[in-house]
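Enquirer: Taken from Swiss-Prot, the feature ATP binding site covers 172-227, and the record attributes it to sequence analysis. Here Swiss-Prot flags ASP302, GLU315 as Mg(2+) 1 binding site, drawing on sequence analysis. Under the heading Mg(2+) 2 binding site, Swiss-Prot lists GLU315, ASN317, citing sequence analysis as support. Annotation comment: Swiss-Prot describes 142-348 as domain 'ATP-grasp', evidence class sequence analysis.
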Amino acid sequence: METKTKLHVGLLFGGNSSEHDVSKRSAHNIYDAMDKDRYNVSLFLLTRDGFVLSDAASRRVFDGEDEATVAAEEQAKVDASNPLAPIWNLSQAKDIDVFFPIIHGNLGEDGTIQGLFRLLKKPFVGSGVLASAVSFDKDMTKQVLTAHGIRNTKYVVLTPDNRADFDYATIQSRLGDNVFIKPANQGSSVGIHKASNVQEYLDGVADAFRYDYKVLVEQTIDGPQEVEISILGNEQPQASKLGAIRVPESDVFYDYNNKFVDASGVTFEVPVKLSDELTQEITQMGLQTYAALGLKGMARIDYLVSKDGVPYVGEVNTLPGFTNISLYPQLWQATGINYADLIDRLIELALSEFHYQDELAYDFIPLDDHSAASTYKPKA
């Protein structure tokens, strides 16, 4: 009987964002859900200061050892003068068939790690460099959505150069009395503030500029319902059932504290009961957003639904969480795809996209050279 070769998966997690520990919990769940008869899994923890630990060292942290201690031991083994020292352990993983990154936020969702995988010529789960970078930047995301006629909230972009031109009175005239202030390139609700007066506006803008040199000021939606959808696929993606997040009435929005410090007052409705018409509209908007941004593999799309039932696309998450309370896998579970099957499908999509992109030519081919062109086969 022929023995089937296992697929070697590199599970990369951690990172330098505020979601470092969340990423570790996501990685634990993904690892536990993987069929070990089908996959060999190597673990790679990216420390907070940007050093990739070896599989053996990552497993020690996985098993509960202190990350800083293990990282110090690992870094001592590598020539610090080598500019590639931080990713040395990845360079030793020559037989990896596919990478599964689950680094949330900075470095993981902004196109950085995807560019590294491209240089390594390795398949990877999730969207490519461009789609990741555009989706991580809230301003660029909104520009794409607006160009495609996909409803999103009105906003103004502040930079160090134009910041002085947008005092609170100017913002009021454009967006109303109540606004949200957000760093353009941040996740986890870090640096986000709601402002309803001059001082709140000044304080919120000052804090947001600590995290990015581009800050969004957005109109608020009165009493919104926060709804989410999971998308899975490449050229022909499918959408999950919808879910909703309920935060305590005393809280202004689903903020960093709700997510990571004290989530005791937060509840999730999966699936959420909405009208058929609204459900269809949100689902269609999700698929349109996915296509407009050129997303691949997976994404979770967040919406704000106004009191009168009008949905607005909020944010797009290209590497959503896989923790016990994360909605991305929960929504698929409610739709009929269990955790293990979801992981299998994501890996299959990564391999499919890699081979699809590998058919493209990157060097000049003369028009009379039909040898290369004849090998092209349109993707089904």
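Each residue's number is its place along the chain shown, starting with 1.
Placement of Cβ uses the backbone N, Cα and C atoms for every residue, glycine included.
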Enquirer: Provide, as an integer number of angstrom, the distance between the C-alpha atoms of ASP207 (ATP binding site) and GLU315 (Mg(2+) 1 binding site).
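Expert: Pair distance, Cα basis, whole Å: 20 Å.
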Enquirer: Which of these binding-site residues has the least crowded Cβ, counting other Cβ atoms within 10 Å: GLN172, GLN186, ASN317?
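Expert: If we count Cβ atoms within 10 Å for the binding-site residues GLN172, GLN186, ASN317, the smallest count is at GLN172.
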Enquirer: DSSP secondary structure for GLN172 (ATP binding site), reduced to helix/strand/coil, please.
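Expert: Reduced to three states, the DSSP call for GLN172 (ATP binding site) is helix.
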Enquirer: Judged by the number of other CB atoms within 10 angstroms, which among VAL179, ILE221 is the least packed of the binding-site residues?
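Expert: Among the binding-site residues VAL179, ILE221, the lowest count of other Cβ atoms within 10 Å belongs to ILE221.
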Enquirer: Do you see any of the binding-site residues VAL179, GLN186, HIS193, GLU200, LYS214, ILE221 whose C-alpha is within 10 Å of ASP302 (Mg(2+) 1 binding site), and which ones?
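Expert: If one measures from the Cα of ASP302 (Mg(2+) 1 binding site), no binding-site residues come within 10 Å, so the answer is none.
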Enquirer: Within 10 angstroms of the C-beta of LYS214 (ATP binding site), what count of other C-beta atoms is obtained when all protein chains are considered?
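Expert: LYS214 (ATP binding site): 19 neighbouring Cβ atoms within 10 Å.
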Enquirer: Counting across all protein chains shown, how many other Cβ atoms sit within 10 Å of the Cβ of ASP302 (Mg(2+) 1 binding site)?
Expert: 19
